[in-house]
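Novice: According to Swiss-Prot, the protein has these features:
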- SER906: active site (ACT_SITE)
- GLY515, PRO516, PRO517, GLY518, VAL519, GLY520, LYS521, THR522: ATP binding site (BINDING)
- 810-1003: domain 'Lon proteolytic' (DOMAIN)
Amino acid sequence: MTENNYGIRDIKNQHLKYSYKKYTDLIIGFEKHAKRMYDDWVIDINNRNIIMHKLDNLVRSMIKIYNECIMEIYNKTPNENESDNISNTNKKINNAIYNKIYNEINKIERIENKNNKLVDSFNSIREQLIELAKNNGFHTINDFIGLYVGENYESLFNNLDMETFELYKGVFVPLSISINKIKKKYRDTDKQDTITISKIPSKCDGLIENTCTVTITMNNIFTEIIFEGYVSADILNAYLRTSQIYSKHLFNVKNESKRIVKESYPHVDEYFIAKYAKLINSNVYFINNPDEMATKIDSDYMLFTDLTAKNFNTIVKEFVNSNLPTMFSYINVLLMGSNQDVNNAGLLFNLLKDRKIGSETLSDIIYHNLSFHLQIKLKKIINSIKNELGKIRSLTPEEIPIEKKLASMVNMPENVKNYIIEKNNEIKTGENNYKLQMAINGLMQFPWKPKDFNNNNYFQIKNSVTKSRNYLQNVAKKLNETVFGHENSKKVLIELVGKWIQNPESSGQVIGLVGPPGVGKTLLAKGISAALGIPLSIVGLGGMSDSADLIGHSFTYAGAQYGMIVRQMIKAGNWRSVMFFDEVDKVSKRNDTNEIYNTLIHITDPNMNQNFQDRFYSSAIDFDLSGVLIVFSYNSSEKLDPILLDRIKEIKISPYSLKEKILIAQNHVIKELCSNIGFDRDKINIGDDIVEYIIEKYTMEAGVRELKRKLEQILLKVNIDRFYMRGPFYNLLKKYNPETQSDDNSHSLEENQINMYVDYKPSLLEKNSDPNIINKIFNLDIDDHIIITKELVHKYLDKPTLTTEEIHKTNMIGVINGLYATSVGMGGIVPIQIYKNFVGDKNDGSNLKLKITGNQKQVMRESVMCALTTAVNVLNNSIKSKILDKFPHGFHVHAPDGGTPKDGPSAGCAFTTAFVSAILGKKINRHVAMTGEIELTGKISKIGGLMLTTGAKKAGIKCVYICEDNKEDYEIIKKKSPELFQDGLEIKIVNHIIEIITDPNVIIDIDVNDFDKDLISEFKKLK
């Protein structure tokens, strides 16, 4: 055998050893990777063993391949023509040549391995490692790229950001890998390679706020590699602290996010920002871009301010019912606060000592994900309370020693703590133990006024115009998102928030929302709570008569407990809260005394509500309610106690206009109903005209409750038709089966007997249709929509039950259109009829006797009397002298629909005009209506509102006369409901009855000479 031949075999042997060592290193790296995943709670012991088993098989395969290759190299027959005589000099020369060849082989392998051009003895090992890495990741990013592309992969990068690459290859742990080939139309070898970081949700419990994808594009080989994994712990935050020199990427994320927070989230305290960057685990800076990082800082700050304002018992209740990431966030942000906050974090952490996920305790997982500085803080506080909390083994807050609870409650007044300790010592075997424990628990859970307002949002923004303005804008935005309309209410709330910003310690406010049922008073209260970020508690007062329900029973009573006010404050868990008292005008009296109003007067007095007392505590405890925003809702302010009403800032909630109702139905109600019933909203077509038709013909309300019920009734019936292929679904079936024989299915829509469901028989069309088509129609997996028509509305809701009062058919003497408004904000016309009275005796001394019918109440009756006097006085003396002869028994005044009570002064000018018409015997234009209170002088006075004009147009009225003093109300309605004044409805503004009765558009063929000349002359002068 020649030396030359031995040299070639040595080269092959060296190359084999090199490859063997390379794959051995990769397998060992994968072994370490599996151990790291197990240690970091990414995989359990079973999955780790599966990976180890696969790696063990790879080692066995690799040894087998190596032995086979060695045998093949050294068992080959030597070349007989080779010379056996080689000098030492030639050996050195040849060794140099072999070495060069060996290096070139390795170089070729590194460059061309990407296309598998070199036959690698261990290629099967390589492929198995790549396959294993797809679902389990790899030791490092660069190890995998070296395996997949070749060790000389860096030479293939085209201007890649190597600093960022070097950073992430040192800290990022891949958990799964996907490889995509760049499509031909996007290939460009001159294009710069990129490395992109994107945050992703964690897929396992052990990883909290450190998961992301690292995507690397390599344009030279048309490949994109996506690594999904997590950033390994840098608990010292060394990378972040040295980022100014070490990493431009991290330094940019840190500084840019801080800038964005200051500009976009000015309410975030600068001290918190600085503390946050120092204490937070730097993993979050690796996985977030600057915008995302700024959002996270704001989110954590809002959580921090929320937690520091709550009492500890409330925090515990929320904490133990949260998921692991939320628990981590609670502890993480509390550790950044004051000593009291850190103490609370330690208490929460100890609650998790015995709680596990799999074989790992939640406390270990949370501790592992904290930064080093927070770990030290947590360790210190745990050691300081270890002896006191050593016996805690459950998650119930009741088992925490009461002394420790009191120590953690820095906001609780000292006299309250003394009271609790005193009552706690009294708890012995006896019948009052339950009440004593209730008294203690109530005080422990009550949200006392914070002693330190430094963490209060308003204190932190009050001196910055930008922060204050942005906060107000944010409140307004949240209100608009929560509540539709009600602009005046929102303005009042903005003013209140403005007061709180300038004086964070100022008292709350008492707001009264007055309006008809169903217009969103409760929703507005919820919107206030959401916009301010404070809790809402609701107290229903309807039918309540006993003040003890609100302020508690005396402790000595059997079954005594504290009242609803204290109970709702405990439920809210925050000194700043919204307390909503619903149906205030529906409370009941007790022994001719309204105890409820007396209690409400007490809690709304700003001088007294700081010392509110509950009878259950025998006047020993003062509860501070000064931070509560009290909101009352009622339908009418007339029923409220004047003293209580005087303390309320009243906001009138107007009924929704037709346009608003349609918008609410289309954008909210139908969407919600479709979701609840199981329809795709896009597949249900209920046009605005149909919604308007349902509103006008089937509902009589200020809000949208009945409208929602009617729409729900329609959709529920449509849903039943879906099961039986009836109605609109039958029509779709006919459309998709035009050639299929069908029958008349109309009877199924009319059928309402329960037997139709029991004895149902499919139609001939359904029997002859393709089942696949039927299922597609059933699931609305088609291009067509279900269109709700008037015909379907009639079938589902029956014929309309409401009728609109229309104007009389002809112009008549003594008959005029008055206007009415209901308690629900609806309006319309009410015909007023004045005729000669044929009952009575003109000689009985009761000249011009008035007979009033139609269920007219006291105020309306007085208005009729005033109208008659005014009508007579405006006529000339000649006509006056003939009235008694013409109407010997006076007048009969009637308002049709006697079953409906009618009251109020707003028909005064209508009565007057009708009297004038009856006396003169001249007809009144049937297309005219009017409203306004009449005075004896003929002046028309202001009425309560103009909502009664809303029904005039529907009734056929073309012209409405209103009082000049109501011009502002007219402008509001015109702005809110411009559609009312379209298509020819004219509004005339008047000040005196003369302007109406002398108008030929009102009384036909009227002659100005019929009236008192002096009165006409005086009116013209004033005009």
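Any Cβ shown, glycine's included, is placed from N, Cα and C.
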Novice: Which Cβ among the binding-site residues (GLY515, PRO516, PRO517, GLY518, GLY520) has the fewest C-beta neighbours inside 10 Å?
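Specialist: Output over binding-site residues GLY515, PRO516, PRO517, GLY518, GLY520: least Cβ neighbours within 10 Å is PRO517.
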Novice: Within 10 Å of the Cβ of VAL519 (ATP binding site), how many other Cβ atoms are there?
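Specialist: Excluding its own Cβ, VAL519 (ATP binding site) sees 25 Cβ atoms within 10 Å.
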Novice: What is the Cβ neighbour count of LYS521 (ATP binding site) at a 10 Å cut-off, with all protein chains included?
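Specialist: Other Cβ atoms found within 10 Å: 26.
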Novice: For the domain 'Lon proteolytic' (810-1003), what's the mean pLDDT in this predicted model?
Specialist: 82
Novice: Once GLY515, PRO516, PRO517, GLY518, VAL519, GLY520, LYS521, THR522 are set aside, which residues in the chain still have Cβ within 8 Å of the Cβ centroid of the ATP site?
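Specialist: Same chain, not in GLY515, PRO516, PRO517, GLY518, VAL519, GLY520, LYS521, THR522, Cβ within 8 Å: LEU513, SER633, ILE653, ALA702, GLY703.
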Novice: Around the C-beta of THR522 (ATP binding site), how many further C-beta atoms are within 10 angstroms, looking at every protein chain?
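Specialist: Taking all protein chains shown, THR522 (ATP binding site) has 16 Cβ neighbours within 10 Å.
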Novice: For GLY515 (ATP binding site), just give me the three-state DSSP call.
Specialist: coil
Novice: If you measure GLY518 (ATP binding site) to SER906 (active site) at Cα, how many Å is it?
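Specialist: If we compare the Cα positions of GLY518 (ATP binding site) and SER906 (active site), the gap is 25 Å.
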Novice: About how far apart, in whole Å, are the alpha carbons (Cα) of VAL519 (ATP binding site) and SER906 (active site)?
Specialist: 24
Novice: How big is the Cα-to-Cα gap, in Å, between LYS521 (ATP binding site) and SER906 (active site)?
Specialist: 27
Novice: Rounded to an integer, what is the Cα-Cα distance in Å between GLY515 (ATP binding site) and SER906 (active site)?
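Specialist: On Cα coordinates alone, these residues lie 20 Å apart.
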Novice: Sort the binding-site residues PRO516, PRO517, GLY520, THR522 by C-alpha distance from the residue listed as 'active site' and give me just the closest.
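Specialist: With Cα distances computed to the residue listed as 'active site', the winner among PRO516, PRO517, GLY520, THR522 is PRO516.
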Novice: Just counting, how many other CB atoms are there within 10 A of the CB of the residue listed as 'active site'?
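Specialist: I get 28 for this one.
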Novice: Looking only at DSSP and grouping its letters into three states, which state does the residue listed as 'active site' belong to?
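Specialist: Reduced to three states, the DSSP call for the residue listed as 'active site' is coil.
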